[in-house]
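Some features that TrEMBL has for this protein:
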DOMAIN    134-396  domain 'AB hydrolase-1'
REGION    410-432  region 'Disordered'
TRANSMEM  14-40  transmembrane segment
TRANSMEM  46-66  transmembrane segment
TRANSMEM  78-97  transmembrane segment
Amino acid sequence: MAGGEQNAPRHRRLITAGVSAGVVVVALLAGTAATLAVAGSTPRPGWFLAAGAAVFVAVALGLGLARALARRGRRRGVASVVAPALVLLVLLAVALVPPSVPPTTPAPGTLVTLPDGAQLQVVALPAQGPVTGPPIVVLHGGPGIPELAANVAALGPLTSSGREVVLYAQRGAGTSTRLDDPRGYGREADVDDLEALRHVLGIDRMVLLGHSHGAAVAAAYTAAHRDRVDRLVLISPAPLDPADTSPTRAAAGLGLSRRVELYGRVLAPRALLGYLLLQTNPPAAHAFLGDAEADRRNDTVLTLAQPALFCHDPPPGTPPVTGSGFYALQYPQSATAAPPSDLRPAVAGLPTPALIVKGGCDYLSWRSALDYRAALVHAQVLYLPDAGHNAHHERPEATRAAVEAFLDGRSPSGTVIAPETTTPPIGYRGPH
């Protein structure tokens, strides 16, 4: 009996703590909902943050008073709810204060101005020796992940084949122009920018070398401007079919500790609220989480995710991700963006010769590579068993040798998948 009486206060304390926590959670959800609702009407952070805080406090106080009345007006009932709610409110206010963002390091290349006034960061590497063919224009992945330094190291030596190599950061990445309204980012805009850049640089015809998202941009550009494209090189190409969900597997290859650290960064209060705002009102998200802060956070997250892009650990000397564009990457995937179009009808029947490079550890589906081969009349798939999504970084020599052979009209050395083969090779580790 005595033991039961001693346990009763402890039991009541546990109930009180549980109820208080529940009230705080309800108030937090209500405040977040109010923030997003007001942000849907105004992009001003002061307005939607104040609305969220007011609803949070009102709900916490209201539920606290209701609980106190249910317990016959005990003041302690109000305090047990309001005190932790106020503490959480203060902690959230501190967590939502914009951090100082250190200045970025100098970036390679020059800024080229397009007819609409936007500027793109361009690195142009001249051909070595006599010119043997049209320039190679490199389209990076992401979207919004330029990797210019790594791409220059991996693909720059292609200049020895007598071709100029042009690399650039798409709008919203690198030192290229950022948009105040993220709704201007997308594959169609990237295609338009590529055509504008071609015109400004005075390029007649070109070889397009696209990686991941850049491969889809290359395919879409070729469908719209086939007379401007001499050949296509598509490395780990993003799916043509929007129903292919393999792009969501990008973090699947990470270890548990790395994944926990990555999600800790993604779920930080300012980062999470910025992401939620992007699903409601992109200009409001941009006003709250500016490019400098959002991009630096994005660099950190993408650097943590780098091991998932390789069969093995990233090669020694692999630089951390810098210059990424958060909004260029995230807006096209957001709830307010138009669903991606199916590129297969536009690409079907294009006669442009194409080399598709597919790694054995790529997180994108095997079918995504075969869809390109099926759509393009003169396409072949080169399989690199010991390469991941960033095949040109993990196997640069093999990639360059294959590209040079393809551009010379020779068959690439290595495993070329037979035209009638649809199943992955033995040992393939990616999704089907």
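Just so it is clear, glycine is given a Cβ too, placed from its N, Cα and C backbone atoms.
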Practice item. With a Cβ cut-off under 8 Å, give me the same-chain residues at least six positions beyond the ends of the region 'Disordered' (410-432) that come close to it. Key: 246, 249, 311, 355, 358-367, 370, 373, 380-385, 398, 401-402
Review point. By DSSP, how many residues in the region 'Disordered' (410-432) are helix, how many strand, and how many coil?
Key: 0 helix, 2 strand, 21 coil
Practice item. Please average pLDDT over the domain 'AB hydrolase-1' (134-396) for the predicted structure. Key: 96
